[in-house]
Amino acid sequence: MKPIFIVALLFSTCLVNAKPSINDADIKREPEPNVAVPPCGDCYQQVGNTCVRVPSLCPARKREPEPNVAVPPCGDCYQQVGNTCVRVPSLCPARKREPEPNVAVPPCGDCYQQVGNTCVRVPSLCPARKREPEPNVAVPPCGDCYQQVGNTCVRVPSLCPARKREPENQDLWS
């Protein structure tokens, strides 16, 4: 609204609502003319002291055409057709396959390290081998007069059988 119109409207409202200090009965007032202040605009017609909107008096509104843009804009594989996006496979980039994780199945054991999808033996990763102690057996086993002590045979005379003594000075050829 224009500032002049607002001022005039406020002024007229104040005049209508103002109470005169003199009694209304004492003063003869002339009737106010049937004119709307300010005058009615384009789409309005004066009816009594008011303006009434009459649509047939209004000029046609000019509508701004909406731009033919899809909101949000179309993505990689899509092309705008009117206000919509249509999928066009030829516009799609080649799909990137996710590489399979580099995990050996089954997972590598103690002495092995994964290289790519395979397990490679790494001796430094191997735990020290526990050697089984050799049994405490002398090789060859101890004979008649001997007893095993650790890995050796020790002669024990008490284990020896009594020797048969051959007669002395016997002629062997007779």
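Glycine too: its Cβ is placed from the backbone N, Cα and C atoms.
According to Swiss-Prot:
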- C40-C51: disulfide bond (DISULFID)
- C43-C58: disulfide bond (DISULFID)
- C74-C85: disulfide bond (DISULFID)
- C77-C92: disulfide bond (DISULFID)
- C108-C119: disulfide bond (DISULFID)
- C111-C126: disulfide bond (DISULFID)
- C142-C153: disulfide bond (DISULFID)
- C145-C160: disulfide bond (DISULFID)
- P39: hydroxyproline (MOD_RES)
- P73: hydroxyproline (MOD_RES)
- P107: hydroxyproline (MOD_RES)
- P141: hydroxyproline (MOD_RES)
- 1-18: signal peptide (SIGNAL)
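Where Swiss-Prot records a feature, it is marked here on the structure.
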| residue | record | DSSP class |
| --- | --- | --- |
| C43 | disulfide bond | coil |
| C51 | disulfide bond | strand |
| P73 | hydroxyproline | coil |
| C92 | disulfide bond | coil |
| P107 | hydroxyproline | coil |
| C119 | disulfide bond | strand |
| C126 | disulfide bond | coil |
| P141 | hydroxyproline | coil |
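When each of the disulfide-bonded residues C85, C126 is scored by how many other Cβ atoms sit within 10 Å of its Cβ, C126 comes out lowest.
Note on P39 (hydroxyproline): other Cβ atoms within 10 Å of its Cβ, all shown chains, come to 9. Cα of C126 (disulfide bond) to Cα of C74 (disulfide bond): a distance of 58 Å. For the pair P141 (hydroxyproline) and C58 (disulfide bond), the C-alpha distance works out to 131 angstrom. Once Cβ contacts within 10 Å are tallied over all protein chains shown, the disulfide-bonded residues C58, C77, C92, C108 are led by C108.
Summarising the environment of P107 (hydroxyproline), the number of other Cβ atoms within 10 Å of its Cβ, over all protein chains shown, is 9. Summarising the environment of C40 (disulfide bond), the number of other Cβ atoms within 10 Å of its Cβ, over all protein chains shown, is 16. For C160 (disulfide bond), the same-chain residues 6+ apart in sequence whose C-beta sits under 8 angstroms from its C-beta are D144, C145. Nearest by CA distance to P107 (hydroxyproline), out of the disulfide-bonded residues C43, C51, C92, C153, is C92. Among the recorded positions P39, C77, C92, C111, C119, C153, the ones whose Cα sits within 10 Å of the Cα of C51 (disulfide bond) are P39.
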